Amino acid sequence: YIDGDKGILLYRGYPIDQLAEKGDFLESCYLLLYGELPTQQEKNDFDRCIMQHTMVHEQFSRFFHGFRRDSHPMAVMVACLGAMSAFYHDSIDITDPHQRMIASVRLISKVPTLAAMAYKYSIGQAFVYPRNDLSYAANFLRMCFAVPCEEYKINPVLARAMDQIFILHADHEQNASTSTVRLAGSSGANPFACIAAGVACLWGPAHGGANEACLKMLQEIGSIKRIPEFIARAKDKNDPFRLMGFGHRVYKNYDPRAKIMQKTCHEVLKELNIQDDPLLDIAIELEKIALSDEYFIEKKLYPNVDFYSGITLKALGFPTE
């Protein structure tokens, strides 16, 4: 549920800030799937079910070799998700509620593995197998950044930040990618094909690609000295330049996800003690100026979730593309 005028986002009746601060991503998954929060035993069982299905078919490793190393990861993910229907024939009947739930569990558990494999392939590193004893977010970070020659140490602050990014993006009512999934599903297409269609929609710069577009804008600004120039351009109605990462089509007030992500972003930057990244310096200064500028305050152009998530993901080590 979304109330854009009041800046409210609820998952099954629960405020997003409560879920992000007190729970974890798999708890939000359970809530969205079953309509209510789990008991401790239900949570333990659900976590175990997800984490015991994180492996993907070994033939997937060969599947990746059909792509160029510089392929956009979203192109790879669309292909991989569609290909899941070729490996898991027992969960492709979209009319069967039991098969739909099995497909949901497989998608939640295996998509991080495939995403990490896509990243590793793009940089020429060995795939890292999942570990069932780690949390969902910690496991994903390890699969992305661990290397065979040394032990990967989980940083709890970074793992928590990744988990919150997952929670904040778990649901947003009838957005473009959700609409695409439902449209594909209305034809009777299998769940994996439907999700692949949704990911293809998410690729668009006006949707999931917004945080990438925000980082590219920061690269275009180039230095802190040029921020006033770009602020002036953003105010000029005759200039096609748009300040990415500010304002929201749905939220006429502050994006409730942005409040949470702002705190998380600053925690990550503090934890990593990042002081020599010009892009992050520009982002922090741009945030300060925009939050104190009367033009942005009057028009309620506050930094949105894409602004902070893009900066956070970059700080975590994910390349812009």
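Placed from the backbone N, Cα and C atoms, the Cβ positions cover glycine too.
Among the features that Swiss-Prot reports, active site is placed at HIS248, ASP306.
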Neighbouring C-beta atoms (10 Å sphere around the C-beta of ASP306 (active site)): 25
Cβ-Cβ distance under 8 Å to HIS248 (active site), same chain, at least six residues away: GLY4, ASP255, ASN304
Assigned conformation of ASP306 (active site) - DSSP reduced to three states: helix
